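Remarks on the structure that follows.
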Amino acid sequence: MRTTISQLKEMKQNKQKIAILTAYDYPTAQILDKAGIPAILVGDSLGMVVLGYDSTVSVTMEDMLHHLKAVVRGSQKALIIADMPFMTYHLSPEQALLNAGRFIQEGGAQAVKLEGGVNVADKVKRIVDCGIPVMGHIGLTPQSVNQLSGFKVQGKTLATALSLIEDAKALEKAGAFAIVLETMPAELAAIITAGISIPTIGIGAGEECDGQVQVISDMLGMFTDFIPKHTKRYADLNGIITKAVSEYAAEVTKGAFPTLKESFTLDKKVLEELKKCVL
């Protein structure tokens, strides 16, 4: 039985923090399920951390569906939320609904996430009215990175802070079940969290949010070239994997792997008969 939308809302009411992580493949989804993560986000961040793009803008519906299906197969308990990629919901409420429907019907997701506030409220309402749960996303919205002039903290002025509060209320009114608050002052995130009835999920938005989401690759230390300020590294998988691969390569090179322990053998009689046939 998967986590439900109602359960996430109850967690906010009971002041129980919600831990969410991204996943992009079958084995990671299995691990997160085993660890008790209540909701998994199949984020368009896969464009950067899996596919090697410079931003999330290049991610397609087909990219998302491919990875979404793997995560759904690997999980049994977590609520699966799928990110709607750039330009898959921007044109009209109907376009948004059709693509959200694909994530539910083809991909097996239980909810979708899209970026924006007041400007996408009509799309959120159209999707929700057809029975598909929607998670909102405001603050630093990576799909708008070109318009925002990079990955910068949002809501630092009075005008932009008030605009983000308006965005959050518009998403709540449109029927969103939760909102991601990304890269904004902690004080602003706390005000937004207290001002709406639905859960807020922070990423670089302080400790007062109702929950937190992190990119799995960041918190496990898969990359060494860039560490987001909002990330705490709980492991150094880059170092662990590099060491393991180096040891493997060295053992193969010097003939130390494989050994008899990792090999299969013929019955002695069969081997003798085989040698007679070929030698």
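Even glycines carry a Cβ here, placed using N, Cα and C.
GLU115 is the only one of GLU62, GLU106, GLU115 that Swiss-Prot places in the Mg(2+) site (with ASP44, ASP83).
Counting only residues at least six positions away in the same chain, the Cβ atoms of LEU41, GLY43, ILE81, ALA82, ASP83, MET84, VAL134, MET135, GLY136, HIS137, VAL180 sit under 8 Å from the Cβ of LYS113 (3-methyl-2-oxobutanoate binding site).
Between the CA atoms of SER45 (3-methyl-2-oxobutanoate binding site) and GLU182 (active site, proton acceptor) there is a gap of 13 Å. Annotation note: GLU182 (active site, proton acceptor) sits in a strand segment as assigned by DSSP. Apart from ASP44, ASP83, GLU115, the Mg(2+) site neighbourhood in this chain, defined by C-beta within 8 angstroms of the site C-beta centre, holds GLY43, SER45, THR56, VAL59, MET84, PRO85, PHE86, LYS113, LEU114, HIS137, PRO142, GLN143.
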